[in-house]
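Chemist: Structure below; questions to follow.
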Amino acid sequence: MSRFTSATHGLNLSIKMPISVSQVPSIRSNTSKYELQKLRSTGRSVLQTRRQLAIINMTKRSEADDNDGVERRKGVFHPNLWDDGFIQSLSTVYHEQASYRERAERLIGEVKAVFDSISMGDGDQFISPSAYDTAWVARVPAIDGSSRPQFPQAIDWILLNQQQDGSWGSQSHLSLTHRLTDTLACVIALASWKIESVQIDEGLDFITRGVEKLQSESVPAEFEIIFAELLNQAKSLQLSLPYEHSCLQSLWRKQEPILANGLMDSVAKRSLSSLEEMQDHRMNTDSDGTMHVESFLSSPAVAARVLMRTGNPICLAYLNNVLNKFGDYVPGMYPVDLFQRLWMVDNVERLGIDRHFKKEIQVTLDYVYSYWNGKGIGCGRDSLSPDLNSTSLGFRTLRLHGYNVSADVLEHFKDRDGKFVCSSNPTVGEIRSVLNLYRASLLAFPGEKVMEEAETFARRYLEEIVQKIPPSKFSREIEYVLEFGWQSTVPRWEARSYIDFHGLDTYSPWTIYEMASEKFLELAKLEFNIFNSLQHTELQYLSRWWNDSGMSQMRFTRHRNVEYYTMASCIAMEPSQSAFRIGFTKLCGIATCIDDIYDTYGTIDELKLFREAVKRWDPSAIESLPEYMKSVYMVLYELVNEMAQDTERTQGRDTLDYARNAWEAIIDAHLVEAEWIASGHIPTFEEYLENSKVTSGLHIAILPILTLDVPLPDQLPLQEIDTLSRFHHLASTIGRLSGDMNAYKIDLAHGEESSCISCYMKDNPGTTEGDAHNYANVTISYLMKELNLELMGQHNRVSFLRTSKKPAFDIYRASNYMYKYRDGYTIADKETKNLVMRTLVQAVSL
């Protein structure tokens with residue numbers, strides 16, 4: 001057992017010595033008798049006393065080194081933001097109180113039951129009623145020509161489901177526009193059949209009050225179209241509403257240009273959820289007037305409108321089928337068995353609770369894939385036409401899980417000119433479809449031109465649309481996806497963000513999964529907070545370890561253990577992955593110290609001595625080192641040995657030589673960069689990248705992956721996961737290019753002239769810093785596609801590689817986040833601080 005207790009042995013903080021007394025640095029004469037007596041009086045053993053004295057001597061030497069006459073460069077960074085007192089004070093109740101865990105376990109069981117019901121074909125019970133669609137169905141007259149409703153049960157549902165405030169619709173929807181639309185549709189349905197009911201008056205009163213409030217709200221174009229047309233119908237029925245109100249007059253004025261712009265004309269195969277509100281001449285028809293019934297066989301409201309106009313028997317059969325399923329109401333969409341499954345998987349993954357449902361996710365995606373075809377999918381297996389939303393979400397989810405899906409499926413959503421197009425006044429359905437198209441496009445493989453076209457189109461569309469729609473959870477979700485995409489986010493950060501804007505689209509005219517959505521969100525919040533308690537415990541241990549090791553006394557280096565632990569816990573969110581989180585944090589902490597020694601603090605002679613000590617791998621090697629390096633060397637030595645023991649317990653294989661080789665490689669590469677700095681040499685771009693792939697540290701950061709409970713096959717050489725593998729080559733190169741672009745000016749300020757920017761400009765005389773940035777961005781874009789292929793392609797031979805690449809990719813993504821705006825390791829008091837606060841310090845409100 002090493003002196004710092006193994007991460008896989010809980011958080012026992014006892015300190016033991018792995019080396020003999022003769023190997024402990026001797027007590028220097030500059031240790032006072034008072035200090036010696038004070039240490040001995042605490043009852044420590046001789047070995048513990050000697051170690052503490054070594055730390056005291058190291059501290060004194062570190063202070064003396066500042067005035068030792070050696071010219072030393074200093075890094076440009078701010079002090080540690082999180083002192084030990086603050087860390088030790090962190091506390092929550094969620095891990096301690098069993099009631100939270102018990103509630104979470106019940107919710108896990110309930111969500112599993114939802115998955116199971118859906119897989120058995122009984123998922124309709126989780127689809128919520130749509131007051132809006134039910135109102136349209138209630139208006140359909142009997143097909144036999146009698147003066148009665150064809151679907152009287154829909155009238156009964158309206159009469160039985162008015163809210164106390166006079167409105168109709170889901171009470172969970174806070175959007176006023178949503179409630180107004182539902183209520184007016186239901187009032188019109190009742191009035192159409194001349195039903196004498198106080199409920200009509202109560203509904204009209206709610207609308208009148210709502211119109212007054214509407215003046216202070218920003219409303220979407222979708223509402224303007226739908227509500228204005230409903231107002232026309234209400235006026236024809238002589239319903240008492242404030243038609244002269246300025247707000248309603250404004251809606252009417254806006255309606256005509258919106259319709260004149262051809263809302264439905266230019267969009268290929270898009271959602272038709274608002275078609276029922278268009279004027280008759282805007283119905284989806286061919287030039288000869290033939291109507292496309294298949295376009296609206298997933299929308300009860302559209303089917304009802306067409307049935308009223310045409311008596312189409314397919315629409316009648318469709319509505320009969322839906323009401324047979326749900327009784328006296330209809331949902332906003334049906335059938336949705338494919339989209340429902342994709343929605344389930346997408347939500348549990350984005351909320352960070354997917355680890356509980358791995359089996360269910362596999363079964364669910366196998367079902368979706370069985371209906372996948374070259375043109376994509378619709379909402380349901382019986383959909384006659386694919387839609388962009390279901391296809392985009394399906395493509396993204398299936399590719400992420402390793403299914404063989406071709407990007408060519410997106411070609412079917414272009415217009416005749418081969419372009420993705422949109423309407424001038426889009427609906428929520430269209431925006432959601434384009435958002436999922438953008439998310440899918442970020443998983444492009446090399447050579448997939450349609451994915452590049454989709455990304456360009458969707459990004460431009462979303463950037464414009466987010467400026468137009470009202471602030472809402474949906475708009476914040478769009479902003480998040482645009483800002484972080486796929487390569488610059490990590491699971492816990494995404495979960496924390498998605499908890500904030502998870503829910504029903506705030507102004508969509510229908511909802512389908514209200515009950516399941518509430519369960520998902522409650523479970524996600526509980527899981528987030530329970531894990532938050534474990535984070536505090538682990539971080540408190542790590543803070544004590546850092547202090548006990550003497551590393552906290554090093555003034556020349558960045559102290560970023562809280563930030564590194566935050567990254568680790570954003571990547572590995574399972575409680576059982578403690579060894580990974582702790583090992584990752586320790587390794588990154590010592591790697592940063594060594595990086596700062598080689599980048600700024602050490603002399604070339606000292607750096608060579610440290611390299612030789614690492615190659616010897618013997619505690620006695622510290623005698624040749626400067627005082628400030630001794631403690632660093634011993635922490636490195638013991639940590640690497642400790643983690644090799646952890647890995648051997650997990651994998652049953654000795655990985656010490658592999659870990660030592662990884663450290664020797666990074667220190668050799670650090671020395672090369674130090675010599676470049678000392679001599680003022682600027683290498684070629686290729687030479688720089690080749691060396692910096694190693695100094696990026698990815699092959700060090702991934703070592704804790706070996707502690708995960710993923711068996712390493714006996715026949716798999718360790719070199720398969722080494723820095724020479726293609727996956728790590730790509731990730732390291734992208735990481736270095738991304739980091740250099742944001743750290744270039746800071747590095748230049750403290751003497752590091754070698755970076756991808758300066759090397760490119762040297763190789764290409766006459767080019768500017770902007771040219772170098774453009775070249776780096778183009779290179780990153782290409783390499784990201786290669787990296788996607790490595791992660792999600794069909795060629796991975798060994799299950800360990802497929803499984804281990806995901807956390808390795810998440811480490812790369814975490815690094816991308818840290819360098820997204822600036823060097824987030826050096827300047828950690830801005831975006832990095834926000835990451836720490838939101839994913840580690842603060843719990844979420846239940």
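Keep in mind that glycine also has a Cβ here, set from the backbone N, Cα and C atoms.
Quick caveat, the model's predicted, so the values are computed rather than measured.
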Chemist: Pick from 20-24, 345-349, 430-434, 595-599: which stretch is listed in Swiss-Prot under motif 'DDXXD motif'?
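Modeler: Going through 20-24, 345-349, 430-434, 595-599 one by one, Swiss-Prot gives motif 'DDXXD motif' for 595-599.
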Chemist: If you average the pLDDT over the motif 'DDXXD motif' (595-599), what number do you get?
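Modeler: In the predicted model, the motif 'DDXXD motif' (595-599) has a mean pLDDT of 92.
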Chemist: DSSP-wise, what's the residue breakdown of the motif 'DDXXD motif' (595-599) into helix, strand and coil?
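Modeler: Secondary-structure composition of the motif 'DDXXD motif' (595-599): 5 helix, 0 strand, 0 coil.
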Chemist: Within 10 angstroms of the C-beta of Asp595 (Mg(2+) 2 binding site), what count of other C-beta atoms is obtained when all protein chains are considered?
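Modeler: Step by step: centre on the Cβ of Asp595 (Mg(2+) 2 binding site), count other Cβ atoms within 10 Å, giving 21.
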